[in-house]
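S.K.: Okay, these came from TrEMBL:
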- A:29-53: transmembrane segment (TRANSMEM)
- A:29-221: domain 'ABC transmembrane type-1' (DOMAIN)
- A:73-93: transmembrane segment (TRANSMEM)
- A:99-118: transmembrane segment (TRANSMEM)
- A:146-164: transmembrane segment (TRANSMEM)
- A:202-224: transmembrane segment (TRANSMEM)
Amino acid sequence: MGSSWDWEVFLRDPGGADPTYWQWMLSCWGWTVSVSLLALVLALVVGTLVGILRTLPDKPWAVRLGTFWVEGFRNIPLLVQIFIWYHVIPALVPAMKSLSSFVLVVLALGFFTSARIAEQVRSGIQTLPRGQRYAGMAMGFTTFQYYRYVLLPMAFRIIIPPLTSEAMNIFKNSSVAFAVSVTELTWFAIQVGEETSRPIEIYMGVTALYVISAFAINRIMAFIEKRTRIPGLVAASGGGH
Amino acid sequence: MLHLDFSFYKWDVISNFILKGIGFSITLTFVSTVGGVIFGTLLALMRLSGNKLLIAPATFYVNGMRSVPLVMVILWFFLLVPFLIGRPIGAEVSAYVTFIAFEAAYFSEIMRAGIQSISRGQVNAGMAVGMTYGQNMRLVVLPQAFRNMLPVLLTQTIVLFQDTSLVYAIGAYDMLKGFETAGKNYGRPIEAYLLAAVVYFVICFALAYSVKRLHKKIAIIR
């Protein structure tokens, strides 16, 4: 195996828009990063809203809606959800026919992950002592205000370790986009591995980029965790991985 | 407006296309859970052994597997296993090998947490009655760790069942592929994907509900 490496495959010309395979690979990395970051933003926004819904007092229908959302998105495999977004929804909703597979994958991955983030936001809010909520009410805050100023800032800082895992998962899960031909890293590995007949070298390059991405997110999240640590909590000693 | 038509899902379509796929998805889930727990426990024991020569490779393996997308791991094994053993193997066999190897990394973290949750006194008691390290692990620590972690292990198994759909990347014939093939053959892909989603949902939701029940039951006994 060792005698037959051919790393120069990365210097060859694929005959497309990019002059060499390594430059093409980097542009595919760009698609992986774009899909992941956009989906992460969507997942954080929707996940937070749904998580809040599930903790609202005296709003059984909001809670049920939140539960429905979480169970639905969590119990169907991501690949199936991507196919639903790609094949089914544009057929049912004509307005979505013009959307590119990139947008559809961002929606699929974002909503899929929002269910998981919603669970974490919910548990983060529910871990807080009830006194925090009551203190907010006693101050005369409206529900919106005590969530905004009291509960959410605390809850978010508590759930940073699981959010780190989620951010890393989103990067890994973006690989499923290959199935609807988004030109991200895994698509590149399959396509170019075949095209060049040097799959081992190509897979190694792609795998290295995934590992670098995972490590980078881990470091960024560790930095955020350190900067937002709540003084005086046991959790201040850190956690997660 | 679109007309959904599920009428082509007659018994022979289900038995010809879908049951075969469901069978594979379930067998793959079962085999890789069992294999993953066995190898995962070994990895966890290596990481807790205190011996650097065992800790380093196990940690490298677990962290390496966990930082790469499963689809890439599936592609790697599909490429490398035939290369290493010198003859082609089918997508199905390759899927078994991949999932056992991949899930071992995830199960090992669960088992490690489980072992670490057993109180020191249990280990000391075992040592006091003259048990060797192996006996202590096999008879005292692991059964308790396994039992404490059962709900988490089962939850991971549900995730594993969903992840088996990713064998799509190497063209293995699993449940999703079964629905897809039936849909293509009868020109009804939309219904096929919808039905696949419903079936996955029903299976996973039912399993998750049972795990929740089990969790409550175990929590009361302890």
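Glycine residues also receive a Cβ, built from the backbone N, Cα and C atoms like all the rest.
On a predicted model such as this, the values are computed, not experimentally measured, just so you know.
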S.K.: Report the listed stretch (A:73-93, A:99-118, A:146-164, A:202-224) having the maximum count of Cβ pairs within less than 8 Å of the transmembrane segment (A:29-53).
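M.R.: The stretch with the most contacts is A:99-118.
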S.K.: By a Cβ-Cβ criterion of under 8 Å, what residues six or more beyond either terminus of the transmembrane segment (A:99-118) are in contact with it?
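M.R.: Result: 31, 34-36, 38-51, 54, 66, 69-74, 78, 81-82, 84-86, 89-90, 163, 166, 169-170, 173-174, 176-177, 180-182.
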S.K.: Would you mind listing the long-range same-chain contacts of the transmembrane segment (A:146-164), meaning Cβ under 8 Å and 6+ residues beyond its ends?
M.R.: 48, 52, 117, 120-121, 123-125, 127-128, 132-133, 135-137, 139, 217-218, 221-222, 224-225, 228-230, 235, 238-241
